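*Asks:* One structure is given below, represented as structure tokens, and several questions about it will come after.
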Amino acid sequence: MVRKVHDLESGDNSSEVPSSVSNSAIVPQVRELPSETTLLTNIQTYFSDKKVQIPETKDEGFSFRKLWAFTGPGFLMSIAYLDPGNIESDLKSGSVAQYKLLWILLSATLLGLMMQRLAARLGVVTGLHLAEMCYRQYKKVPRVLLWLMIEIAIIGSDMQEVIGTAVALYLLSNKWIAIWQGVLITIVDTFTFLFLDKYGLRKLELVFGTLITVMGVSFGYEYVISKPNHYELFQGMFTPWCKNCDHRALLQAVGIVGAVIMPHNLYLHSALVKSREIDRTKPSKIRDANLYFFIEAAIALAVSFVINVFVVSVFAHGMYHTTNRELRDVCMKNPSINATIFPDNDEYVDADLYKSGIFLGCTYGLAALYVWGVGILAAGQSSTMTGTYAGQFSMEGFLNLQWPRWKRVLFTRSIAIIPTFCLAFFSNIDDLTGMNDLLNAIMSLQLPFATIPTIAFTSNPQIMGEFVNGWLNKLAAILLSIVVIGINTFFVTQTVQDLSLAWPWLVLVCIIGVLYLLFCIYLVLHMAVSMGWDSLLKYDFVNNFVIGPVNSSLSVQPINYSSLKRVNTYVTDKNPDCLIEDTVRVDTSKH
């Protein structure tokens, strides 16, 4: 009997399997076993050949050495909570509702931590990130739709980064670098940052840590010199109500959710945790990794939350119920600052990144303006890199395709830059910064396409084994999804009413809204089956169109992922036309 194998990991051509491999060593193959070694492409992600080793410790208790080894992915993930879109959402919430929406920011951050924990657990337990698991669990059409939705979120985030960086350069150069020129500069700086990962993963993580520190110092400086009311700050943070809030405050509260919990960030975090060397043959090692990654993510999000609170407080103290004329009069005392940005009227200031920098310069001196610009620049640059990696992971996972990073960056950055450049060149800065609300709304609309798959996979015992979600996690995650979809529905309804669209456009919006809800229902059905709602399988629609291309039940042992090397074995005996697919168990530790 001749046995020929094709190694899916290396992509080598067929070769003979030694006859010494016994039949008992061959086990039936699930069509696509989720495995860290079941590579979809021959090119791996940037950390594939330089994973961080986890030190062994004598004590079984908590170890700071281990925590340091696991530190990195959570802070890279947390940068999405500090991108220019978040910063603008923070300052707007402060100027519109003072401290009254801080409890929304705190709640959104805690919910974000819960979802990030689930995404990280998926990557740790299975060795596959979220997009790779989607490739194995969804039919082709919904999988491509999911990819498109995540791409929209990534491009929207990229536009916010472009805008933030351009505004920062405009402020720091005292208008010498025009907004449209700053938009073009973001092309160059993105490719410059792409070379950083050539110097090692830990050094790259150190760069991100430095940028977060710059943001903390910059926005912390603004917080100290503005001297906000600490009592009102803590009252707003822990009082779940918004007394005397108007329609603008309500819409801003919805925008906070879309700005903080970013859909592509779940895909990013589930991939970043693969940068650590974890022995999945030992459940104790997986538990350790889950614990330390959670602690690190909690610390990282706590840091990002404090920085966000700095920004909210500064503008809650200085711009709440402040009119354009009041700020214009203050700025007229400093001729070097552009006071004309504030119209000569008694309307409340419509805050944005640029106006906020001018306000700080007029109120607290030029140093405050430049420090603000440095903080915004750090936010834009750091989120540019994490967005690039999120896009890379998304493309390679959903499409079984991996482009070189420069092609990937050129693709997404071009899509983001073209409309942004046109606005910057043919319009004014108000139009450019005003896009942030729309982009945050887009982020919020894409959230179910990240949260529902994450909940589905981490609640499937045949994917997660003993690390499957408990009932409390399932309940909390489901409630989060319901709240997000409900908020999105309300937000779109309010936006459509405010726009007063003509009936053809209204019909188009209604059609898109119905399709959006139907796709959410489709994903919810898949999630219900993954959670064990077997009664749904009696319906032909669920069996034919919802259950993924692998198997509805994955008969695998998650803790054995790292010890199996899967190959397709083609067995030809008397009948050469007979083709059988098997999986050969190979001890990879010997190779």
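Glycine is no exception: its Cβ is also placed from the backbone N, Cα and C atoms.
TrEMBL feature annotations, pasted as is:
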REGION    1-23  region 'Disordered'
COMPBIAS  11-23  compositional bias 'Low complexity'
TRANSMEM  145-172  transmembrane segment
TRANSMEM  178-197  transmembrane segment
TRANSMEM  204-224  transmembrane segment
TRANSMEM  249-268  transmembrane segment
TRANSMEM  289-316  transmembrane segment
TRANSMEM  358-379  transmembrane segment
TRANSMEM  410-429  transmembrane segment
TRANSMEM  441-459  transmembrane segment
TRANSMEM  471-491  transmembrane segment
TRANSMEM  503-525  transmembrane segment
*Asks:* Based on Cβ pairs under 8 Å, which of the stretches 145-172, 289-316, 471-491 lies most in contact with the transmembrane segment (249-268)?
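*Replies:* Maximum Cβ contact count belongs to 145-172.
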*Asks:* Residues of the same chain, at least six outside the transmembrane segment (358-379), with any C-beta under 8 angstroms of its C-beta?
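*Replies:* Distant contacts of the transmembrane segment (358-379): 82-84, 86-87, 164-165, 167-169, 171-172, 211-212, 214-215, 218-219, 221-222, 225-226, 314-315, 318-319, 327, 330-331, 333-334, 336-339, 341-342, 349, 351.
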*Asks:* Between 204-224, 289-316, 441-459, 471-491, 503-525, who has the most Cβ pairs under 8 Å to the transmembrane segment (145-172)?
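*Replies:* Maximum Cβ contact count belongs to 441-459.
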*Asks:* Taking the transmembrane segment (503-525) as the first stretch and the transmembrane segment (289-316) as the second, find out whether 3 or more Cβ pairs fall under 8 Å, excluding pairs closer than 6 in sequence.
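*Replies:* Not in contact, no.
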*Asks:* In the same chain, who gets a Cβ under 8 Å from the transmembrane segment (204-224) while lying at least 6 residues past its ends?
*Replies:* 71-72, 75-76, 78-79, 82, 196-197, 303-304, 306-307, 310-311, 313-314, 360, 364, 368, 371-372, 374-375, 378-379, 381-382, 385-386
